[in-house]
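K.L.:
Quick paste from Swiss-Prot:
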- 48, 49, 50, 51, 52, 53, 54, 55: ATP binding site (BINDING)
- 35-188: domain 'Helicase ATP-binding' (DOMAIN)
- 438-604: domain 'Helicase C-terminal' (DOMAIN)
- 654-689: domain 'UVR' (DOMAIN)
- 101-124: motif 'Beta-hairpin' (MOTIF)
């Protein structure tokens, strides 16, 4: 993609900064992967056992090849986990996070059997929307970019050409009319708001214009002297503190779906033409109700687009707005990458089938909407990429998995192996036991493990069996919890943390104990009904489940079965193969396996500590003032915003700290942990300032 030639890209090297060096199989894997990529191999597979550090290997690979990278992950949770790991390993590079910005999404649909139309309903997470804009902004302004994304990256996004065409360049000393800039911001879908200044808005104070771009947390101040830009500064929107002076900055549109007036006029004409043609077809088929429904709905949308430049569901007209021909592929995040980008597919055995399934799932719903007059046929062009379209857009690809699928193994010339763990830990021993008396045997094994302060995972085939087993174990005095599909994301994280901390000893689940579960305290994984062939007991599922016990020095897996199925045989054979390699390596190098000591901490812990510290500081401040509370939190915060941090008295800082602490807890309650962490950092800074005032005797 040669779009950003007019933009001065930041060119900085990818650099891994870590106290750890590649160990175990990592040096060999990094060297072989680098060689294959540099030799131009299109598809490369890394078969990496659980816990061998595939993420770190990927970071070191990116450092070696020095190319922008898209990392595709199967779900939002793992994407966030991986993005955080990359941010720690590559702190000086742009590591971005691109997932669906819907907290809740109900697409519009029509159920013909019951004549039920379901309106589109959604809830957008503004922080995730900012991160999506941050990803496209980074891709267009620098080369040292890693974007960790879910399959939402193959869904339609506005064209990079229009996104860049809508951009405004701010350069110190350049000639620019202030009013022209304001009109430009409005055309980029920013809203003027002089009272409530937040992301996606701008405000004007005489010759000074301030804006918070959609992809930023900081504000930009542009100071004019006549028709010349005199100063450009980056500042903190809350405190007004100037952080740095800028020579040149780019401001990108507030929406990825930006269309200039000429493009919108052309789109409206095309929509009107398509509507006329479609109405003839429906009326010719005597579908008068459908024709009337389509006429009313589309006419209303056209009026909104003419008057407001936007309408609900505007994405359904994207083929006309983009100026594409019917049936052609939509633009997506991949189009924002330069031509030489590297694709990394994490847990490829799950992610690759996901990519292939997206298009058909979307089409089956859209066909009903078109057939029954709720949408024009062009709505079917607002879609994810088809499999072959996806393949056309990607270049060299690295597939990561402990259990690579047939597709990726068929594409690659063999695979790179990463079996040895840096800690020396080996794959667990697999023991097959008869199903007769399995529950009593399981109970005995649980008691043995709990005496050693170790944890147990039990996986069953059905919800009923999981519930009954949990009740049975509770009746026998076992501290046990049941993890099922109805448990929300936050509660799931809490359950896993409580298991590690020893609040309970046994976790029972169905299909929730596979990829991405990192529990070093678990020494036993028990698989009930291991000989029942099917998705949950396929060789891939079994190997992934076995991997959950690979983080413990004394890890074991017990399979309860009356016969050994082909899937079991393959899983056991592969585990024993890896185990033999690991044992031999440890023997040859005199390595004694070390238990994995992973810190049991999360953002909720940090917030609790921060909260206690804040309370102590504020109480001390009030005691120093003879118990007086001073101004309200809101008034104090407002004074700090108006006068700036340096000029604020201590009681106003107290107000701001109280207000931010409340916002921090609100963000955590809504699972916006990144927002909570940022507010926590602001609170820390304000408390440092307040402590300095107290020690100087000004508080």
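Each residue, glycine too, has its Cβ placed from N, Cα and C.
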K.L.:
List, in sequence order, the residues of the same chain other than 48, 49, 50, 51, 52, 53, 54, 55 whose Cβ lies within 8 Å of the centroid of the Cβ atoms of the recorded ATP site.
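P.N.:
What remains near the Cβ centre is 57, 402, 418, 421.
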K.L.:
Same-chain residues six or more away whose CB lies under 8 A from the CB of residue 50 (ATP binding site)?
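P.N.:
Spatial neighbours, sequence-distant, of residue 50 (ATP binding site): 402, 544, 547, 548, 550, 551.
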K.L.:
Using a Cβ-Cβ cut-off under 8 angstroms and a sequence gap of six or more, which residues of the chain neighbour residue 52 (ATP binding site)?
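P.N.:
When sequence neighbours closer than 6 are ignored, residue 52 (ATP binding site) has 24, 25, 26, 418, 419, 420, 421, 422 within Cβ distance under 8 Å.
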K.L.:
According to DSSP, folded down to helix, strand and coil, what is residue 55 (ATP binding site)?
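P.N.:
The residue in question, residue 55 (ATP binding site), is helix (DSSP, three-state).
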K.L.:
Using a 10 Å cut-off, grab the number of neighbouring Cβ atoms around the Cβ of residue 53 (ATP binding site), all chains included.
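P.N.:
Around the Cβ of residue 53 (ATP binding site), 24 other Cβ atoms lie within 10 Å.
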K.L.:
When you tally the Cβ atoms that lie within 10 Å of each candidate's Cβ, which of the binding-site residues (48, 51) has the highest tally?
P.N.:
48
K.L.:
Hey, of the binding-site residues listed (49, 54, 55), which one tops the CB count within 10 A?
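P.N.:
Answer returned by the neighbour count: 49.
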K.L.:
Over the domain 'Helicase C-terminal' (438-604), what does the predicted model average in pLDDT?
P.N.:
86
